[in-house]
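K.L.:
Here it is, the structure, as structure tokens.
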């Protein structure tokens, strides 16, 4: 699933290409993925709208339109949003292309999704900035206003184990399975540790590790194992720098122990039992 670094990379790669462009037409091939404001049809509501700018909240991509409305795109497991310039329009469509946006400069924006879990929702911009999805979102992990003091204060009030807490979007917005495993590995913390058991030094390690792995993920243009590409169709490179995720049986980059993979609540968790305590 695209997480914060992947969605931020998509945002950055699309911003210079589609900002200030007007949506001339929308071809929606899988209606179940699209939702519009009450009483409006999705495609009709988007035709003729200008794209003002692109934003992001957690794992949600925000395409801000004129008229104080925003197209919120949640890529979920396998969603791809790729822009093709006018001269690239003949590039073969990937399988499972469910929506095509035609822009006023002759370019195309294609949305493809193998698993069909992603969603495209048109909503008021004021709402999108606060709650773009169903649940309340916590703070942005890389935001300047998320100080260590605020993070530590929230962390030690929770009895939840660290891994599920990091996946809780109401605690922090944007982490998923990959970057939660990576942050815990860098911080040398076991995924089953109760959050309220961490002392201040351990909490500081986790805070720093979360911010480090997310920024490194952005710098590497995301993690590509299967489906993820950026807005220009390019794969990321962070998979080459992972410490834990997807490295079952490989040597820990810190202590040389073996990375293990265990199932927790239906999800795979990768960690080093030797040095993550």
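Note: Cβ is positioned from N, Cα and C throughout, glycine not excepted.
Small disclaimer: the values here were computed from a predicted structure and weren't measured.
Relevant sequence annotations retrieved from TrEMBL are reproduced here:
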type     : residues     : note
ACT_SITE : 2            : active site, schiff-base intermediate with DNA
DOMAIN   : 2-118        : domain 'Formamidopyrimidine-DNA glycosylase catalytic'
ACT_SITE : 3            : active site, proton donor
ACT_SITE : 59           : active site, proton donor
BINDING  : 96, 115, 158 : DNA binding site
DOMAIN   : 243-277      : domain 'FPG-type'
ACT_SITE : 267          : active site, proton donor
K.L.:
Highest CB neighbour count within 10 A among the recorded positions 59, 96, 115, 267?
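P.N.:
When each Cβ's neighbours within 10 Å are tallied, 59 leads.
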K.L.:
Is residue 59 (active site, proton donor) helix, strand or coil when read with DSSP?
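P.N.:
Going by the DSSP assignment, residue 59 (active site, proton donor) belongs to neither helix nor strand, so it counts as coil.
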K.L.:
Measure from the Cα of residue 59 (active site, proton donor) to the Cα of every one of the recorded positions 3, 96, 115, 158, 267, then give the nearest.
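P.N.:
If we rank 3, 96, 115, 158, 267 by Cα distance to residue 59 (active site, proton donor), first place goes to 3.
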K.L.:
Going by Cα-Cα distance, which of the recorded positions (96, 158, 267) sits nearest to residue 3 (active site, proton donor)?
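P.N.:
Closest recorded candidate to residue 3 (active site, proton donor) by Cα: 267.
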K.L.:
For the domain 'FPG-type' (243-277), report the average pLDDT of the model, please.
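P.N.:
When the pLDDT values over the domain 'FPG-type' (243-277) are averaged, the result is 97.
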K.L.:
So among 115, 158, 267, all listed as recorded positions, which is physically nearest to the residue listed as 'active site, schiff-base intermediate with DNA'? Use the C-alpha atoms.
P.N.:
115
K.L.:
Rounded to the nearest Å, what's the C-alpha distance separating residue 96 (DNA binding site) and residue 267 (active site, proton donor)? Just drop the number here, would you?
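P.N.:
Between the alpha carbons of residue 96 (DNA binding site) and residue 267 (active site, proton donor) there are 25 Å.
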